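Annotation source TrEMBL lists compositional bias 'Pro residues' at 8-20. Under the heading domain 'DYW', TrEMBL lists 773-865. Taken from TrEMBL, the feature region 'Disordered' covers 1-24. Residues or ranges marked as repeat 'PPR' in TrEMBL: 121-155, 230-264, 334-369, 436-470, 556-590, 592-627.
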Amino acid sequence: MAATPLPVTSPPPPPHPLHPPTSATVRSLTAAGDHAAALRALSSLSAAAAPLDRFALPPAAKSAAALRSLPAVRSIHGAALRLDLLDGPTPAVANALLTAYARCGDLHAALALFAAMPGRDAVTFNSLISALCLFRHWLPALGALRDMVLEGHPLTSFTLVSVLLACSHLAEDPRLGREAHAFALKHGLLDGDERFAFNALLSMYARLGLVDDARRLFGTVGADDALGGGVVTWNTMVSVLVQSGRCGEAVEVLYDMVARGVRPDGVTFASALPACSQLEMLSVGREMHAYVIKDADLAANSFVASALVDMYASNERVDVARRVFDMVPGGDRQLGLWNAMVCGYAQAGMDEDALEIFARMEAEAGVVPSETTMAGVLPACARSEAFTGKEAVHGYVLKRGMADNRFVQNALMDMYARLGDMDAARRIFATIEPRDVVSWNTLITGCVVQGQISDAFQLVWEMQQQGRCTDAAMEDGIAGAADEEPVKPNNITLMTLLPGCGMLAAAERGKEIHGYAVRHALDSDVAVGSALVDMYAKGGCLALSRAVFDRLPRRNVITWNVLIMAYGMHGLGDKAIALFDRMVASDEAKPNEVTFIAALAACSHSGMVDRGLELFHSMKRDHGVEPTPDLHACAVDILGRAGRLDEAYNIISSMEPGEQQVSAWSSFLGACRLHRNVELGEIAAERLFELEPDEASHYVLLSNIYSAAGLWEKSSEVRSRMRQRGVSKEPGCSWIELDGAIHRFMAGESAHPESALVHAHMDALWERMRGQGYMPDTSCVLHDIEEGEKAAILRYHSEKLAIAFGLLRTPPGATIRVAKNLRVCNDCHEAAKFISRMVGREIVLRDVRRFHHFVDGACSCGDYW
């Protein structure tokens, strides 16, 4: 924004000889919105020694406030003091200055001015109450109201609007809001044709969570009032319902509005269209779009176009969103429309498109990005491999003066976390004051994304201790100011943490989170519920997972997908397919690509070949789901595991060659290892070496195939090829949660503090197993060494050590739950069966592909994995 000449003290431009400015000039320029010109006119008045009167200064103060020019406000204040214009028959000048100081961010000056005013009127108190609300000082605002009443000043609807705003933010005592309502009724403040006080009352009840009260109040509007009172009241009710999550009711109000002859305007659709996004009601959104197209004014409204773009993008129709965007003439595209398109692309993962729109908005249209723009585009900057100037974006934010905006700070934290620079993310977090739940959630999410699960849980504890200078918070450099309030974890916090519990197989921590959700009424939230279903399933507690699923009042496609996937991972293909059939019949959610991936994986894990192929061939015909490369890979996996390698090869051959074949070839290579088919394995491996030359698993699988066939020289060549390319195999790691702590084990390692005891116990188990007929499967050792040396290596595989530790540290009869980062090897699978029978325990082992439940010498997978 260009610098504004300061009134009175700034050198004025030479006055026009024929039309010198007057007080009326200042008033008319302010009324026309030409605020910079109004301040220049005031400067000219002063330079010309023309009298500055109480008619010129109030509009000038209003213009200074509109420009957020605190120096200009101070200069006007100084002029008023010199000319003794603060004392007079009315406090108009002081009132205008009070409001201007507040809008320019100087509440201290506003309060000092109020305290020094010799005479105050109703406008003075209205300005003070409004200023206090602007700074979110809700209780002092109500205190000013009491002083206003005590001094005998009349209350108006303007007073009521500010008071209702203050009451709406005092949710701990909703009685105050109802008292304000009663006061308004008693003094007739809701009478008359003006509806803004009535609309403020609706909004207050909504903010207090008393949406039913708002609906009852809305119901008191008669048919004549609804038409005469205006569209604003209807818009307020629609907005209230959408913001309260009652989107279905919002759509009903919109239909009722049209039926009663009230013509929707741009605000109506800008408020109602988000309901279609949240309810995934694309058909209703299209109806609204059709209504908009028939009305030329609505069709040209940039705010409506912004809501349409957001609605289509939220319903995964970014292509239609772009068509809506392109239909708005370039000169008519407001900032909100550009932001909606940038965010739509970014949320869809179309990062290059988001960056392209971002670059165009300023370069072509001259639209300056806002904080919302940056918060939307920063995730795209972080994810896009084509965009290399990621850290430079932080510099752009600093130059634009956006670095103190909380939304931008959160987006920057997220960007650095995605880049793996958690130190930078924490430094930004340390500058945020005050920290709200979104800021905490952003940093917690970064820790989870980077696998720092323990740090994430530590942050959750610290957020609830905010304002208390704990040692842990001080060490992390994130101990907030002492006057900051503790922050309660919300549904987003829980949704972020729960996958971390599943990743670590940390069921006890997950149960603690579940308990918190129940105590704070968050367990009925569909997103939290879905995360709980997933967490219990990945922790091996399938019965609890199903219990949470059954208790949810509403389920979406994610909830169904999670449980179908869980049944498949646990080898319960029949239950997975039964649940799929129930999903289709219930019409509660429509199957999507992920649903079919889950169902096909379940068929693969359980050997349900015919049903899997039936689903694959019918998904487009019966459900409109296109057979994507990932779904082709599932079909290949089903056939490959069943030994039907030629049919699996034909499916891959039918696909378009290129990177989209990677998953299919990878599944096929795994099937070749399972069935020891060297010839086809070599073909698959060579294709994968071309497409993903740096992926270690491809080399390992081919080496396994050669080793199993006794082709040690070829196996050694593959290992040599890995070394030449600098490709290294991820080391096997297994972990187990006991007493709230995660214990990790690596093959043969001795870093664990109880390593000697664990190895000794494993030695004892080994001898007992050998005595009961166990024979080590030395084909799992991919080195050409003596059989005895191979057996010694197998004895201390990570999953065996974790099981031994669990047996040592848990009471007799307790289930042992172990997780591993790789696929369990044949020998450990066989050993776990023996151990489960010897010790009379259930052992649940989760590897990278599925769950294995070992009970009395048998595995739930039926040795089919």
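Just so you know, the numbers here start at 1 and follow the chain as drawn.
Each Cβ is built from the backbone N, Cα and C atoms, and glycine gets one as well.
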Quiz item: By a Cβ-Cβ criterion of under 8 Å, what residues six or more beyond either terminus of the repeat 'PPR' (121-155) are in contact with it?
Solution: 90-92, 94-95, 98-99, 101-103, 107, 110-111, 114, 162-163, 165-167, 169-170, 176, 187, 189
Quiz item: For the repeat 'PPR' (556-590), DSSP counts of helix, strand and coil?
Solution: 27 helix, 0 strand, 8 coil
Self-check item: Other parts of the chain folded back onto the repeat 'PPR' (230-264), taken as Cβ under 8 Å at six or more residues beyond its ends
Solution: 195-196, 198-199, 202-203, 205-206, 209, 211, 214-215, 218, 221, 223, 271-272, 274-276, 278-279, 281, 284, 288, 291, 298
Exercise. Report the DSSP secondary-structure composition of the domain 'DYW' (773-865) as helix, strand and coil residue counts.
Key: 38 helix, 16 strand, 39 coil
Exercise. Report the DSSP secondary-structure composition of the repeat 'PPR' (334-369) as helix, strand and coil residue counts.
Key: 26 helix, 0 strand, 10 coil
Quiz prompt | Residue counts (helix, strand, coil, in that order) that DSSP gives for the repeat 'PPR' (592-627) | solution = 29 helix, 0 strand, 7 coil
Quiz item: For the domain 'DYW' (773-865), what is the mean per-residue pLDDT, to the nearest integer?
Solution: 85
Exercise. Please spell out the DSSP helix, strand and coil residue counts for the repeat 'PPR' (121-155).
Key: 26 helix, 0 strand, 9 coil
Exercise. Using DSSP, tally how many residues of the repeat 'PPR' (436-470) sit in helix, strand and coil.
Key: 25 helix, 0 strand, 10 coil
